[in-house]
Amino acid sequence: MADTTTVVVERREVAEGRESSKANHIGEERRGYDVSRKRCSISVHGGGTEGGGGNMRTNYRELSPASLRIHRKSSHDIRNTLLGPDGEVLHLHDPSGKGGDGMGKMPAVVKPIKLKSIVTKAESYDTMHGKASDVMSCSREVCMGSVMTPHVIGTETRKPEIVQQHAKDFLDQYYSSIRRLKSPAHDSRWQQVQKEVEATGSYHLTETELIYGAKLAWRNSSRCIGRIQWSKLQVFDCRYVTTTSGMFEAICNHIKYATNKGNLRSAITIFPQRTDGKHDYRIWNNQIISYAGYKNADGKIIGDPANVEFTDFCVKLGWKSKRTEWDILPLVVSANGHDPDYFDYPPELILEVPLSHPQFKWFAELNLRWYAVPMVSSMLFDCGGIQFTATAFSGWYMSTEIGCRNLCDANRRNLLEPIAIKMGLDTRNPTSLWKDKALVEINIAVLHSYQSRNITIVDHHTASESFMKHFENETKLRNGCPADWIWIVPPMSASVTPVFHQEMAVYYLRPSFEYQESAMKTHIWKKGRDSAKNKKPRRKFNFKQIARAVKFTSKLFGRALSRRIKATVLYATETGRSEQYARQLVELLGHAFNAQIYCMSDYDISSIEHEALLLVVASTFGNGDPPENGELFAQDLYAMKLHESGHHQAHSELTIAASSKSFIKANSRSDLGKFGPMGGRKIDRLDSLRGSTTDTLSEETFGPLSNVRFAVFALGSSAYPNFCAFGKYIDNILGELGGERLMKMATGDEICGQEQAFRKWAPEVFKIACETFCLDPEETLSDAAFALQSELSENTVRYAPVAEYESLDRALSKFHNKKSMECSVKRNPINLHCEMNGTERSTILVEIMAEGIDYEPGDHVGIFPANRKEIVDGIIERLTGVNDPDEMLQLQVLKEKQTQNGVYKSWEPHERLPVCTLRTLLTRFLDITTPPTRQLLTYLASCCGDKADEERLLMLANESSVYEDWRYWKLPHLLEVLEEFPSCRPPAAVFVAQLNALQPRFYSISSSPRKYSNEIHLTVAIVTYRAEDGEGAEHYGVCSNYLANLQSDDKIYLFVRSAPSFHMSKDRTKPVILIGPGTGIAPFRSFWQEWDHIKTEMVDCKIPKVWLFFGCRTKNVDLYRDEKEEMVQHGVLDRVFLALSREENIPKTYVQDLALKEAESISELIMQEKGHIYVCGDVTMAEHVYQTLRKILATREKRTETEMEKYMLTLRDENRYHEDIFGITLRTAEIHNKSRATARIRMASQP
């Protein structure tokens, strides 16, 4: 983490180890400790930590004094350096962060403070105090620990150099916390802050810095017993507010959020920062919610005596009160230095709790009450040198705050004696302990009243236990925990709580919450105005008017709150479907939240801890892998998980672990139970809404994402054994990191009902999110419902002719966000089945000239295909609105923008589709062969001239089972749909705007870059099929037939996708088993060519022992038979096995059958010789091979089922079991049928 090392010297009292009387300098005078004596203890902190982040554990080591020496840099330099046994410089900790005083003095050595628990005898050492700020008011002679406000901040502003010092310290803390200390981002941000401070004397915190600082300030609050909840603080950034009415609106929203129908949530609202001390924003109330106090002429006080002065001030402002015992004071705020305004709260906003006792019925007759949410509003938030003078911080009550202090203190309600008399206690004799007895019963009443109404409160015993856990955690994580014993110890039953017996060190860290002078004392009233004269005229309203106003005001609060709560949607996709759903979700959320969308690869993981609402739409690639643009996010979450559990791994190890299939499998299981692999409890919304008192401070609810509410929609195909594995992994690990699950993860199956599942999930999660953040879902849901059914029309989409356009490769690159490369075909594709009979399928070898393209054997190439000309031409004939399909056109969308002058509309280019001809768009960019979605069918129904066509299309669109049966039976492309409904004539512009992207197709590279430089070879099976049980029209696989029809010198557009998990092992001493039937042999051709090149060109290099298992239908279609025989002759392939599944007079045999026959040898190759297994083929074959190898190894090694499963996962983790798996194809009808049946059962079972 750090490039310096902090030395902490701990004095140990031994015979000769006395403290030196010379304590000014290190050297002849050794800063308090004589290191020439027999022994001292040195703790090295910073340089020896792992992970590069804050909150690291200290690595301790003990050094003998003989191993230390003092080094003077020069005869003219009185600054000395303490050297370790290996000559390393042991820098001394400088609590000021200035690196010395510039006058030759070294920074102070931090002496650990030993703190003991008197009861348990446990000891801890606090070195965190070395980072304390110098605001202690105690002197060498006098302790000021019991002073109520030892340090009060006035209206003076800081000097720019002091601001910079604080800013540097804060930024160091912030970037350490996200493990980016000294990174380019850190350096850039520090330079930006320096320039801003030099120019203006101040600077502005980013939103994430503000959120981090607010949480850290709570964590640093030495007087707070409930700090274990610090990471769950909700921060409302209201620095944009400029008026008192805006402040009132924000405070009301805060109260609504924090109250949460009694399940209280901690939150802070932060208004604009101090500038010059003359334009401060202030909240004049000490607490946002409090009861008024009125002093009568006879000296008697009605209400709360603590608020008499402020109540009188409010009355002078013009506030009209009822002068009862329980009047809620108005909110008094001032903005930008102006005079204050007061505001009455809507009555329904404040939750109050009538007090009663479980045994004493008369207690309720006392008509006592208290409010639910405590909200401190008089303190200054000091963060990074910036002072925020107006903040409101809310949590929940510890019962003694109400029962002991508010109700029983002599200067408050002073109810102790009246209640004791009601209890029949003798109040004349203190030895009767009447005060103690009454105090206990009052606190019982408070707890009973709150708990019986499911309103969050915590008793002092639970709070004390939670603080001890926090104290222990902080000592481990930060080497100390500032704690003010006088404030931490509860006001009753003190000695029976553990905190009473715990020694504590009180010191102050920044960021912090500080006491500040009351606005009543510091405010400068505007000329000609006086607080006593500043009275506001009030209108009288009848009941109906008040009711309407309250309802309207509540709606305003809800809308304002929605603008402040950010919702982030993340997606990971291979085909674009997840992105499509994510964008629909963002549009839906935008009706109630400040919604943003990111691809996982573009998301800054350091922001995730500060998210309020996180929704994830994630697809699974292959048999459980994350999509390429989700891999880094998966690794980042895994790193966060390891960091949280105290484990640390090298980045390379982390990458392998986080991207291995076993990693995804192990973390995607839905049967992990209540506890995940970390032992961390998964929190969902049902848990969070229980309102349990003890759960509020339960340590099990914490984690780095404990303030994040999340939900996941996972996309996948049930044809794969690891269905939706990546989405399940994201859902599980977010929960394990402490996130609050809004609702159970939903899945969308590509085989059946995916769109239906999403359309069901999206409104549900939207409604729950609104409820969670106290927004009105009824008001917004009706508007938001249109987001999922938004219809483009001829009024909002149009085609416009343009002159400028981009080349095809540039357009493809932008459209797919991939670097498209233009290559050419070396020669016409070669048919690899020269001897096949007419009924066999064909496989071709495609040779591409790819100059300057780097790849490794095992990598994939993505081909951008083209749709068939006859389909494109047929669709164009049925479209309207475009006269010339070969004219360059730009698709434009009518956008609405909210401005100060109202709604502004303008035509803007489509965010995705390029400028090109309609023919090119349908040929190269849009998917016209996949059966249309139900949403598209709904649109097509609106374009029909015939009522029967319209009704039939609407039935398909609205009835899920009818649609699925039609889709499965016909598998129609768009031309066939338009032919089936001939009256459908859609406008071209609206039609193309509805279509999905034509996705690239991936193929394993079949050539070695060393043997065929500047070439890429592909082994491609030509796909053709007929729907309707073989009786329908012939359909053609888009890409395979596109490749088959290429001719020499034709242009082709592609990109290479690295597949590191399928690369050849660098350790060529280990044997290799290759298993791949049919075109699964494709990557193995690149392997044997590579080994052949190594053996031929690099004489001294060895190649591994290689066994190849290949399967096909008949001998006539044995792919690359001659090449394989040649490789056997060259000694590249040691053994080649051929499985034939349809050869006459030979039993049907598959590759796994041959593997079983060689069980003993395979077991030895894997278990004893530590060999590698490579499997390439469709998902069904891959699963059969996996189970076969599992069976072989279990039988030979006599292992249990559990042991074998663990070993197979270990093979993956060691990167010795490699898979390159195809999706299901239409020719595997039985698999498709089974998967579809499973998907329909899953859909039917969902509520």
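Placed from the backbone N, Cα and C atoms, the Cβ positions cover glycine too.
The (6R)-L-erythro-5,6,7,8-tetrahydrobiopterin binding site annotation in Swiss-Prot covers SER146, TRP487, PHE500 and is backed by similarity to another entry. Residues or ranges marked as heme b binding site by Swiss-Prot on the basis of similarity to another entry: CYS224, TYR515. Taken from Swiss-Prot, the feature L-arginine binding site covers GLN287, TRP396, TYR397, GLU401, ASN406. Annotated FMN binding site per Swiss-Prot: 712-743, in sequence order. Among the features that Swiss-Prot reports, FAD binding site is placed at 855-866, 998-1008. The feature NADP(+) binding site is assigned by Swiss-Prot to 1073-1091, 1170-1185. Summarising the annotation, Swiss-Prot assigns domain 'Flavodoxin-like' to 567-766. The domain 'FAD-binding FR-type' feature in Swiss-Prot is assigned to 795-1065; the stated evidence is sequence analysis. For 537-557, the entry in Swiss-Prot reads region 'Calmodulin-binding'.
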Under 8 Å by Cβ from ILE1073 (NADP(+) binding site), counting only residues of that chain that are 6 or more apart: VAL1106, TRP1107, PHE1109, ILE1162, LEU1165, ILE1166, GLY1171, HIS1172, ILE1173, TYR1174
Length of the line joining the Cα atoms of SER1004 (FAD binding site) and PRO1083 (NADP(+) binding site), in Å: 5
Non-site residues, in chain order, whose CB comes within 8 A of the mean position of the CB atoms of SER146, TRP487, PHE500 at (6R)-L-erythro-5,6,7,8-tetrahydrobiopterin: GLY145, ASP484, TRP485, ILE486, ILE488, VAL489
Number of other Cβ atoms within 10 Å of the Cβ of LYS728 (FMN binding site) across all protein chains: 26
Set of same-chain residues at least 6 away whose C-beta sits under 8 angstroms from MET1181 (NADP(+) binding site): PRO1077, GLY1080, TYR1150, VAL1151, GLN1152, VAL1175
DSSP three-state assignment (helix, strand or coil) for GLU740 (FMN binding site): strand
Maximum Cα-Cα separation in Å among residues GLN287, TRP396, TYR397, GLU401, ASN406, which the record lists as binding L-arginine: 14
Binding-site residues: CYS224, VAL712, VAL861, CYS1176 - member with fewest neighbouring CB atoms within 10 Å: CYS224
Which of ASN406, SER1007, all binding-site residues, has a Cβ with the fewest other Cβ atoms inside 10 Å: ASN406
Pairwise Cα distance for SER146 ((6R)-L-erythro-5,6,7,8-tetrahydrobiopterin binding site)/TYR515 (heme b binding site) [Å, integer]: 15
Chain-mates of GLN287, TRP396, TYR397, GLU401, ASN406 with C-beta within 8 Å of site centroid, L-arginine: TRP370, PRO374, MET398, ILE402
Collapsed DSSP category at CYS1176 (NADP(+) binding site): strand
Site extent for (6R)-L-erythro-5,6,7,8-tetrahydrobiopterin (largest Cα pair distance over SER146, TRP487, PHE500, Å): 16
Nearest of the binding-site residues (GLN287, VAL861, TRP1088) to GLU740 (FMN binding site), judged by Cα-Cα distance: GLN287
Whole-number Å value for how far PRO1083 (NADP(+) binding site) lies from ARG1001 (FAD binding site) (Cα to Cα): 16
